[in-house]
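Accompanying notes for the structure given below.
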Amino acid sequence: MTTVGFDVAARLGTLLTAMVTPFSGDGSLDTATAARLANHLVDQGCDGLVVSGTTGESPTTTDGEKIELLRAVLEAVGDRARVIAGAGTYDTAHSIRLAKACAAEGAHGLLVVTPYYSKPPQRGLQAHFTAVADATELPMLLYDIPGRSAVPIEPDTIRALASHPNIVGVKDAKADLHSGAQIMADTGLAYYSGDDALNLPWLAMGATGFISVIAHLAAGQLRELLSAFGSGDIATARKINIAVAPLCNAMSRLGGVTLSKAGLRLQGIDVGDPRLPQVAATPEQIDALAADMRAASVLR
C-alpha cells in the first residue's frame, strides 16, 4: 500500500460491502431493514458500506430514495463505519446534483461509475469525473466496470484524473491487475477490488481493500483474509480465499443482487426481493445457493 492508500484506508475503509437496498413486500424502500443490515455488516467486520451502487439497484431507485437510504445507514452505523454514496449516473449534471445531495447528507465519500449506455470517449469521461469531483469536497472513487458501462476508463485517463485532489482511488471491476499495479505505482491512487474472485490477487498487487458483494454473506471471513494478508500470513489468506470461492461461483450464476438477497434470506435476514428488471431466485437456484453457502461455511 502506498502512503495515499493508507490514508484512504483510514478515510473510507478496507472492507466495504456493496450493500443491497432492502424493499418491503410492496416494493417500497425499507429503511428500517437497511439500518439493521448495516449494523449487522459492521458487526461482522465491515468498516465501510457502499449504498446505492450496482448491487444496491441504483438504476431503479429515485434520488429521494437514495438520500433516504443514505440517511438511514449513516444514522445506524454512526462512527463505527464509513458510508460511501453511489452518485454516478449517465448524466453529468444529474451526477453533480446527486453528489451534492449526498455530501449535504453527510456521506463520507462518493463512488462514481463510468457513464453507461452513451459510450462517451475518454475525453468525455475525464471531463465527467472532473466535474463531479469538483462539485463537493468529498473523497471520490472512480468505478471502472466496462462489463456494465461498455466503456473502460483507460489507464492514461485514470492517470490524468489522479491529479485531482478529491479523486483518491479506483474500484476496479475489469480485472486489469497489470495496469492497476502500474497506476498505483505511478499515481499513489488507492485501488479496491471490485471482483470478489480477485480479492487476494488485488491485495498482492497493492490494493487497499475490497468493495465486496459476497461480504453480505462472508464479511467475517473477508476481514480475516485482510488481517492475515496484512500480517504476512499468506497461507491463511489463501486458505480463506479458497474457502469463499463457492460464493463467487454462485454469484457468477445469479448476479450480485439475486445472490445477496437470497443468501441473506437464507441467513435469516429478509431484505425483500429485487425490483424489476432484477428478479428473485427460483427455488432451484435457492437450493444450489444453499449448497454453495454450506460449502463456504456461511450456512449451517
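Here the Cβ of each residue, glycine as well, is placed from N, Cα and C on the backbone.
According to its DSSP assignment, Y143 (active site, proton donor/acceptor) is in a strand. All chains included, 27 other C-beta atoms sit within 10 angstroms of the C-beta of Y143 (active site, proton donor/acceptor). Here Swiss-Prot flags Y143 as active site, proton donor/acceptor.
The active site, schiff-base intermediate with substrate annotation in Swiss-Prot covers K171 and is backed by experimental evidence. Every protein chain considered, the tally of other Cβ atoms within 10 Å of the Cβ of K171 (active site, schiff-base intermediate with substrate) stands at 26.
Here Swiss-Prot flags T55, I211 as pyruvate binding site, drawing on sequence analysis. Within the same chain, the residues at least 6 positions away from T55 (pyruvate binding site) whose Cβ sits under 8 Å from its Cβ are A18, M19, V20, V213, G256, V257, S260, listed in sequence order.
Feature annotation from Swiss-Prot assigns site 'Part of a proton relay during catalysis' to T54 (among others). Cβ neighbour count for T54 (site 'Part of a proton relay during catalysis') (all protein chains, 10 Å cutoff from its Cβ): 24.
Annotation for Y117 (site 'Part of a proton relay during catalysis'): spatial neighbours Y90, A150, criterion Cβ-Cβ under 8 Å with sequence separation of six or more. Swiss-Prot lists Y117 (among others) with the feature site 'Part of a proton relay during catalysis', giving sequence analysis as the kind of evidence.
Only Y143, I211, of the recorded positions T54, Y143, I211, have a C-alpha within 10 angstroms of the C-alpha of K171 (active site, schiff-base intermediate with substrate). A simple way to gauge crowding: the CB of I211 (pyruvate binding site) has 30 other CB atoms within 10 angstroms, across all the protein chains here. I211 (pyruvate binding site) and Y143 (active site, proton donor/acceptor) are 10 Å apart (CA-CA, integer value).
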